[in-house]
Structures are given as C-alpha cells and as structure tokens.
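Q: There's a structure below that I have some questions on.
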Amino acid sequence: MTTTPTTDSAPAPRSGTGGAVLEASGVTMRFGGLTAVRDVDLTVRAGEIVGLIGPNGAGKTTFFNCLTGLYIPTEGTVRYKGTVLPHRSHLVTQAGIARTFQNIRLFANMTVLENVLVGRHTRTHEGLLSALVRGPGFRRAERDSEQRAMELLDFTGLAAKRDHLARNLPYGEQRKLEIARALASEPGLLLLDEPTAGMTAIETTATRELVLAIREQGTAVLVIEHDMRFIFNLCDRVAVLVQGQKLIEGTPETVQNDDRVIAAYLGTPFDGEPGEAEAAEVRAAEQTGTAGTDTTQGKAD
Amino acid sequence: MTTQHTDLTTAGDGPAPTTAGRPPLPLNADPHTSRRLGRLLTGAGAVLSFAATMLPWTWTAEFPGDLTIAFYPAGLQLLTLAAALLTAALLLASAGVTGLRWLTPGGKHSALLLMTLANLGVTWYTAGAIATELGGLVNFEPGMWIGVAGTLLAVIGALALPTDLPPGADGGTPAAGPWQRLRHAFKAPAPGSPAPLPGWAEILIICASCAIGLYAFAYGIEAEDGPPFIGFLVMAAFAAPALGKAGLFRRLSALTARHRGVTLAAAFAAALLFPVTQSNEAYTNIAVSVLIFATVALGLNMVVGLAGILDLGYVAFLGVGAYTAALVSGAETSSIGLHVPFWAAVLIGAAVALVFGLVIGFPSLRLHGDYLAIVTLGFGEIFRISVQNLDGDSGPNVTNGPNGIPNIPDLEIFGFNFGDEHTLLGFELGRFANYYLLMLLFTALVVTVFRRSDNSRIGRAWIAIREDETAARAMGVNAFRLKLMAFALGATLAGMAGTVLAHVEFSVNPESYKFVHTAPPNSAFLLIAVILGGMGTVSGPLIGAALLYLIPAKLQFMADYQLLLFGIALILLMRFRPEGLIADRRKQLEFHETGQLDIPAPATAGLGKTEA
C-alpha cells in the first residue's frame with residue numbers, strides 16, 4: 001500500500017446516466033486490517049465489454065464478489081440499472097447479474113441440462129405445491145424452461161452432451177457450460193472470472209467468439225482475465241486494478257501504453273535506465289517468442 | 001436334469017466369449033479343455049445338489065424345517081434346490097443354449113461362480129448348523145453329504161471357467177497372483193442394449209419382478225428365526241450379486257425407468273397383497289413396523305439425499321408426530337384428554353412436526369456440514385430429554401415423562417375398527433394388517449411427494465445446494481429458504497408417519513426416539529437405512545429400511561452383537577458399493593467413472609493460479 005499509485009482515472013469517460021448497466025462507486029472491502037479493494041469506481045454500459053486486469057492479488061476477484069453479493073463491501077454502493085443491489089447473492093442474480101467462477105463451480109453430479117435448468121431458477125416460479133400437484137401450468141413452465149435451456153446449449157455448442165454429467169465434460173466445455181448456466185438466468189450483465197484460464201489458444205479464440213456473440217444478444221460483459229491478448233482484442237474498455245485500487249481505465253490502447261501499468265506488472269525501472277541495446281534485445285526476444293507472459297505482451301503491443 | 005450332461009458336452013464349444021481371461025483355477029493347461037471340464041463339473045455339482053435336496057439330510061425333525069423326508073424338500077433344502085436350479089440355468093445360459101441366453105446379458109461365468117457360491121453357502125451353512133445343533137457330523141444322512149460334495153464340485157467347476165473380462169480390461173494391471181485372479185473372476189462386463197420387446201411383455205416382466213420381490217420378502221419374513229433365516233440371508237447375499245453380475249438388474253432398471261407409472265403401480269399392488277399372503281399376526285406386525293420405518297427413512301432421504309442436509313436428529317420428528325397423536329387420540333393418560341378423529345390427528349401431528357421443523361431448522365440451517373449435523377443431533381436428544389422431563393415433577397405434566405402415554409385406543413374410521421379382525425374377500429385381516437394397509441397409503445403419499453419434488457425446479461435447486469451451495473446461490477437459489485423447506489417438509493412427513501406409529505404400538509415412550517439404539521427406529525438407523533439403500537433414490541431407503549428392520553427382528557438371539565455386525569456390514573458396503581444397494585443414476589456415475597464416453601480431462605494449470 002505504500003507505493004502510492006496515483007488514482008486519476010482520467011481518460012475513462014464518466015457516466016452515471018443513460019445506458020449504465022452497472023455502477024460501482026467507492027467500493028471498499030476490508031478484511032480486518034487488510035484493504036483488499038479501496039474506493040473503486042467502475043461503470044459498465046449496455047452493450048459494452050469491459051475488461052478488468054491486474055497482477056495477482058490485486059483484488060479483482062474480491063471486487064467481483066462485492067459486485068455479486070458474496071461479500072458485503074465495507075463501503076460504497078453497487079447499482080444495477082439505477083437501483084442499489086442488495087447484499088445477497090441470489091437477489092443479485094435475480095436483479096440481473098450472473099457470474100462464472102475462477103475455479104469452475106458447476107454442479108458436478110448433475111447433468112449438463114440440469115445445470116442450465118438450475119440457472120433458470122430465478123426466472124421460473126413454480127413452488128413446491130405446484131410441483132406436487134403437477135398441473136398444466138407446471139408442465140408448461142418445465143417445458144419452456146427446458147426449451148430455453150436447450151437453446152442455450154445449442155448456443156454454446158453443448159446440445160449433444162445434454163445428458164452427460166457436468167463433471168465428465170472436458171475442461172473447456174465445463175467453462176462453456178458455466179457460461180451457459182449463467183446466461184440461463186437472463187442477465188443484463190455477465191461477469192466472467194478468468195474465462196480462458198487453462199485453455200489452449202484455439203479454445204481461447206472460441207471463448208472470444210462466444211463472448212462477442214453474448215454481447216450481440218444485448219448482454220453487457222465484465223471480464224477478469226490474465227491473458228492480455230484476449231483482453232485487448234475483446235474489450236471496449238479496460239480497467240487496471242493494482243493493490244486494490246483502480247490505476248487507470250480506458251481503451252485498450254490507452255492502457256497498453258500507460259507506463260504505470262507496465263510498472264505495476266514489471267516494477268519500476270531502476271535508476272540506470274536500460275540502454276537501446278537492451279531494449280532491442282527484449283524486442284527481438286518478444287518477436288521470436290510465441291505467446292509471451294502477460295507483461296511482455298502489454299509492452300510489445 | 002439328466003439331459004443336462006448331453007447339453008453340456010454338445011454345446012461346450014458354443015458361442016462362448018473368446019476374449020475371456022485365464023480362469024482362477026485352471027484344470028488343464030489347454031483353456032478349451034479347462035472350460036469343458038469346468039462346465040462338466042459345475043453341471044455335475046448342480047445335479048448332485050439337486051438330487052441331494054430329494055433325500056433326507058438328517059434323521060430327526062428337531063432341526064428346524066424337518067429335513068428328514070425323502071422327495072419332499074423343506075426349509076433350507078428349498079434354498080439349496082433353488083440355488084441348484086439357478087446354477088443350472090446360468091450354466092446353460094453361459095454355454096449359449098438358445099432360449100436361456102437372456103439370463104446372462106452381462107457377466108456369464110462371474111454370475112455362475114457367485115451362484116455356485118450361493119449354493120455352497122446355503123448347503124454348507126445347513127451342514128454346519130445341523131452339526132452344531134444336533135451335536136456332530138454323525139447326524140448327517142447321506143443326502144447331506146451329497147449336497148456338501150455336489151456344491152463344492154460346482155464351485156470348483158465354476159472356478160475353472162475363464163473369466164468374463166480379459167486380464168487388465170478394466171484398467172487394472174493384469175492379474176498376477178491367485179488372489180488377484182480370483183478377484184478378477186468376479187468382474188463382469190455391463191450388459192449391452194437389449195433387443196426391443198413389445199410393450200406388454202415389458203410390463204409383464206415388471207409385474208413378474210414385483211411378484212418375485214413380494215415372494216422373496218414374504219419368504220424372508222416367514223422364515224423361522226435362527227438357521228432358516230440365516231440360510232435365507234446367505235442365499236440372498238450371494239444370489240443377488242450373481243443376478244446383478246449377470247446384468248439382470250440393470251436390464252430391469254432400464255425397463256422400470258421406461259415404465260415408471262407401471263412399476264409404481266405394480267409395486268404398490270404387490271405391497272397391497274402382502275397381508276393376504278400372511279396368516280400369522282406376528283409377521284404383519286413386523287411388516288407394518290418395516291413400512292413405518294421405511295416411510296420415515298424415505299422422508300429423511302429427501303432431507304439428506306436431495307438437499308444434502310445431514311440430519312442426525314430426524315427421529316425426533318417421528319416422536320413429535322407420535323406424541324401429538326397420542327395426546328389428542330383419547331388415551332386415558334393423555335394430559336389433554338382430547339379425542340379428535342384420525343384425520344384431524346394426522347393433520348395436527350403433521351402441523352406440529354412442521355412447526356418443530358421450522359423452529360429447529362431456522363437457527364440450525366445457518367450452519368453447514370459437520371456443525372449442522374452436530375446441532376441436529378443435539379436437537380434430537382433435546383426432544384427426547386424434554387419429553388422425559390415434562391412429567392409433572394421437573395416440569396409441567398404434558399408427556400407423562402418416562403412412563404410415556406400407554407393405552408392409545410385403536411383407530412375407528414367410518415365404523416371400521418382397526419383393532420378387530422375383518423374378513424375381506426375371504427381373507428382374514430387382523431389388527432396389524434389393517435394398520436399395514438393404512439400405512440401403505442402414507443408410504444404411497446411420501447413416495448409421490450419424493451418423486452414429484454425431486455424432478456422439479458425445487459428438487460433441482462435442492463440438489464444444486466447439495467452440490468455447491470455458493471454456486472447455487474450465485475445462480476439465484478435462495479439456499480436458506482430452500483433448505484428450510486426441505487427440512488420442514490421432511491419433518492412434516494415424519495410427523496405424519498408418527499401419528500400412525502402411535503396407534504400401531506398402543507403407546508409412546510421417550511426411549512424409542514434415541515439417537516442410537518439396538519433396534520429401529522432411531523436416528524442412526526434411519527440414516528443407515530438411507531445410506532445402505534442408496535441416497536437420493538425411492539426404492540433404496542425402502543429396501544434398506546426393510547433389511548435393517550427385518551434382520552434384527554429375525555435374529556433376536558444375536559441381539560448382543562447386532563451393532564457390531566452392523567458396523568462390519570457398513571464398512572464392507574462402503575468399501576465395495578459406496579453408492580448403496582440401489583444406485584442413484586448420479587451416484588452410480590459419481591463412484592464408477594465408467595459407462596460414459598468422456599472421462600474428465602485432468603485439471604489444467606489454470607486451476608492452480610492464485611486468487612487475483
């Protein structure tokens with residue numbers, strides 16, 4: 001906390017009206033003496049894909065948990081389409097924010113279809129009594145739910161595996177299923193926590209296509225990711241979180257070229273600045289290397 | 001039976017599997033010769049043991065079942081007879097005899113081996129029992145010796161048959177030592193998809209299976225205490241896995257899955273017919289207790305199996321229902337002195353149990369896992385101790401303390417007194433048969449509630465909570481509310497069963513609602529019934545409860561060792577069949593990762609990343 005990164009999020013266009021889907025203002029999360037997230041503002045507008053990046057331990061997932069009601073932020077408010085969100089996870093989903101998890105959290109021993117049907121929970125209202133009576137209304141609702149779930153499985157390309165157990169899906173498809181399950185709650189905003197972690201380059205590309213297709217359907221997306229190429233190719237805006245504070249927010253170009261971001265990932269350059277020779281060497285190395293680390297990517301682009 | 005030999009030798013090299021592995025006990029270096037010898041021996045053993053049942057086994061009728069009459073198999077001889085016939089049938093089926101091949105769609109020689117072991121077990125157990133009860137081998141008649149030799153011969157023959165799976169086919173290392181080869185011999189492939197049958201034939205098979213199930217249950221319940229019942233257990237313990245290895249149960253469960261309604265109706269009809277098959281009141285008494293116990297276990301299964309709430313004090317809700325019914329049903333010692341009709345007593349009992357469920361669930365369901373289990377255990381004991389103390393001395397007199405409430409009058413609905421004998425269509429129905437039929441309605445109700453809530457939005461949410469509560473909440477499931485709903489619903493159903501229990505048993509007593517006790521119902525036994533039978537299934541807890549009640553009831557002389565034996569049985573079950581006797585579709589896939597094409601890919605590096 002002592003490195004004092006200046007917090008002028010200058011280039012980020014301020015809003016608060018109109019098409020804002022999510023408005024987080026002054027979100028602070030303290031765990032005892034540790035401030036994991038400090039005074040973060042973030043706005044996501046309808047139809048936007050916003051990226052949230054930062055080094056490990058920057059507080060990205062904590063911030064996500066504050067948004068989705070898993071944590072109650074110590075200070076600050078989160079608004080969804082103008083109304084303040086309650087601090088209860090299921091009410092947040094009901095309001096229209098769905099999420100995926102960094103470590104996949106599917107219902108492992110339910111089938112693929114059942115997983116998506118659980119996602120429909122907030123959009124259906126058949127209680128215990130109607131389940132016991134099994135009237136026509138119940139049957140219709142079940143049929144509609146299943147139809148909608150199958151549409152989503154078609155959309156994510158999992159329709160053929162509807163009766164498989166979620167735990168038996170390959171890793172990439174588990175990620176897809178998590179997204180399908182989140183979409184089943186018909187969210188206005190989808191929060192993706194590292195959707196491409198552990199994926200191959202091809203799977204990452206497919207995920208990018210999927211996120212773009214989700215945006216096409218009118219759902220705004222907020223995505224945490226470590227894969228810089230993925231983020232900068234996908235997002236309309238990127239916010240950088242460093243040590244719990246928002247360092248900068250802006251277009252991918254702005255963020256990539258910001259010295260503070262590079263410093264946050266690589267550390268500040270020491271006094272004796274590297275000469276031209278070293279810089280050329282680094283550049284050459286970056287060009288030969290296929291998929292460099294996050295930080296070198298940020299620098300090379 | 002004499003034609004069997006010719007069958008064996010001619011069909012010896014029939015369409016037997018060629019991929020099979022080396023037998024655990026090869027009789028000849030050449031696998032073909034070994035197989036032929038094995039079949040010959042097994043067949044000869046089956047014939048011998050069959051012949052043995054036609055002869056007297058001992059000289060005196062003192063041994064239970066009277067095994068002294070030639071050409072009149074009785075008692076334990078009947079079991080040997082059945083095992084011998086089944087062995088012969090499986091042998092012919094495994095040799096590929098047309099018309100019998102449907103018997104072994106899955107494993108062939110593994111099933112045969114288990115069946116010969118069932119035969120051996122029953123016959124040798126009988127021999128042992130005769131020798132110990134009557135004092136020495138001198139009490140054997142020649143028939144007994146023939147039986148002993150014949151069953152041994154059959155087992156040796158079955159061991160000489162090649163294994164069903166080639167070595168290492170199940171992913172394990174190829175069997176090396178004799179012990180590993182023996183274990184390998186018990187492994188069987190899953191049955192392939194069956195040839196389509198006409199609908200009426202499938203329904204007929206389901207009905208026949210229900211009838212067989214009813215017969216087996218009635219036979220078990222009627223078997224005399226002591227050796228005949230133990231023989232029945234031995235037989236069941238080997239013959240049931242044998243039929244399972246043969247793939248018959250899987251075929252049957254595929255059929256029942258296709259005809260859910262028919263299966264339920266047939267099972268209900270079979271259960272309805274049970275009192276008709278009984279002439280002895282003592283057995284219908286056991287049956288009605290089994291039914292109550294099973295119904296409560298099914299209610300607990302909703303709480304534990306679906307919603308994943310480990311409730312160790314569930315029996316308290318049964319007690320709440322029973323005490324409520326006892327208080328309002330006109331018992332002389334009732335502190336309330338009210339006498340309401342039965343339907344009202346049921347509703348009051350269920351309502352009071354519901355309130356207790358909500359009151360206990362509201363604070364304790366905020367806990368998770370082990371903590372919740374301990375708290376429910378505590379509440380269960382609190383119920384019992386409170387009931388004990390509300391005796392007028394240490395508290396207000398509500399429950400009459402340790403004396404309980406005796407002399408609860410029999411039910412009378414529309415002039416039909418449950419305490420009297422009634423003749424229905426020529427069948428005598430005694431007191432317990434009346435209650436049995438009444439209780440069956442409640443069981444049907446609980447089965448319906450379970451099935452309908454399982455396969456619905458609410459049921460899916462329960463299972464989601466059981467799987468991952470955080471993720472379920474993130475998907476919009478109000479976890480606390482739904483868990484409370486499951487808890488309260490379970491309590492209500494148990495309370496309802498309790499109202500019948502109070503009438504059946506004449507009296508209620510705090511000692512019956514302990515956490516653990518040597519006889520059901522108590523919380524530990526209820527949970528064991530659920531786990532033994534199979535969590536999350538309908539038939540599992542019913543079968544588990546039936547076994548758990550029947551075995552102690554029939555083995556009174558072993559009462560001192562009951563808990564020890566249960567412990568051993570449970571450990572064995574958890575080792576060899578962790579999903580329970582009846583596997584839930586999900587659990588089956590959870591514990592045995594076969595049968596699905598795609599095995600999960602190994603976790604990739606992404607999971608190892610640190611939290612951002």
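Including glycine, each Cβ sits where the backbone N, Cα and C put it.
Annotations in TrEMBL come from automatic prediction, not curation.
What TrEMBL records for B:8-22 is compositional bias 'Low complexity'. Positions annotated as region 'Disordered' by TrEMBL: B:1-32. Annotation comment: TrEMBL describes B:40-59, B:79-100, B:112-131, B:143-161, B:197-217, B:229-248, B:260-276, B:282-300, B:342-362, B:484-504, B:524-551, B:558-576 (among others) as transmembrane segment.
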Q: Before we move on, state whether the transmembrane segment (B:40-59) and the transmembrane segment (B:143-161) share at least 3 Cβ pairs under 8 Å, counting only pairs 6 or more apart in sequence.
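A: Counting Cβ pairs under 8 Å (6 or more apart in sequence), the transmembrane segment (B:40-59) reaches the transmembrane segment (B:143-161), since there are 3 or more.
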Q: Using Cβ atoms and a strict cutoff of less than 8 Å, what residues sit near the transmembrane segment (B:143-161) while being 6 or more residues removed from its termini?
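A: Same-chain contacts beyond the flanks: 23-27, 34-35, 37-58, 80, 84, 87, 94, 109, 112-113, 116-117, 119-120, 123-124, 126-127, 130, 182, 185.
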Q: Looking at B:197-217, B:229-248, B:484-504, B:524-551, which one has the highest count of Cβ pairs under 8 angstroms to the transmembrane segment (B:342-362)?
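A: Out of the listed stretches, B:484-504 contacts the transmembrane segment (B:342-362) most.
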Q: Excluding the flanking five residues on each side, which residues at least 6 beyond the ends of the transmembrane segment (B:524-551) place their CB within less than 8 Å of a CB in that stretch?
A: 217, 220-221, 233, 286, 289-290, 293-294, 296-298, 300-301, 304-306, 312, 314-315, 443, 447, 450-451, 454, 463, 515-517, 566, 570, 573, 579-584, 586-587
Q: Below 8 angstroms Cβ to Cβ, which residues of this chain, lying six or more residues outside the transmembrane segment (B:197-217), approach it?
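A: Same-chain contacts beyond the flanks: 236, 252, 255-256, 258-259, 262-263, 266-267, 269-271, 273-274, 277, 546.
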Q: Taking residues 6+ outside the transmembrane segment (B:260-276), which of them lie with a CB under 8 Å of any CB in it?
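A: Apart from its flanks, the transmembrane segment (B:260-276) reaches 203, 206-207, 210-211, 213-214, 217-218, 284, 287, 427, 429, 433, 436-437, 440, 443-444, 447.
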